[in-house]
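The structure appears below as structure tokens.
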Amino acid sequence: MAGSFAQLAKNAEKKKPSISVSKEPVENPPLKVYQLGDEALRTPANRIVKVDDAIRKLAKDMLITMYSSKGIGLAAPQVGIQKRLLVIDLKFEDPNSPPMVFINPEIISSSATLDTYEEGCLSIPGVYLNVLRPSSIKLSYRDEMGRPKKMNADGLMARCIQHEIDHLNGVCFVDKVTDEEELKKQLNENNFKRSDVIKETN
């Protein structure tokens, strides 16, 4: 009977609700994406104490907003909500690829190997610049049902997670750009101010 109870528990786990949304863009996304220069992007987010329907609704609205902007990642501070929540979908054009929801994500460790790759951001449209980051990370977080998870990520997933976690800490990717000339050029071309960039000192 123990085996039967274990199987029932496993099946019940599978039947728990998860977040499912269409990846088709909508004309009026539910959330506004704030842009560089707004204080919302510079305010550190708060930990989520309880994962409930309200948090799942927020994650769903964030996904709809992200898909409508053809993005692959979005953090709650980008939509003016200071909660430690982010959503990612590297295959936003694949309707069969499920998105990922990260609640209270924390990087446990990161590789000594660093990679440079071009990044962009829904909060800084039109700006694409190289950023140096660890090539792989180990992460702890909770999923949309509040279940504790750990994962290893490398490549684009590792980069996207790091980029979005930066947002949770009030950091934008342009803060990490070392090519000052190209930074100023692209910011100016896209009507952003260099004074809104907070350069990292470490």
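Yeah, the Cβs are placed from backbone N, Cα and C, and that goes for glycine too.
Features reported for this protein in Swiss-Prot:
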ACT_SITE  E164  active site
BINDING   C121, H163, H167  Fe cation binding site
REGION    1-24  region 'Disordered'
8 Å Cβ shell about C121, H163, H167 centroid, Fe cation site members excluded: G73, A75, Q78, E119, L122, S123, E164, D166, C172, F173
The residue listed as 'active site' CB neighbourhood, other CB atoms within 10 A: 24
Cβ neighbours of H163 (Fe cation binding site) where a neighbour is any other Cβ within 10 Å: 23
DSSP three-state assignment for H163 (Fe cation binding site): helix
Tertiary neighbours of H167 (Fe cation binding site) (same chain, Cβ under 8 Å, six or more apart): L41, A45, A75, P77, Q78, L86, S123
Integer Å distance between the CA atoms belonging to E164 (active site) and C121 (Fe cation binding site): 9
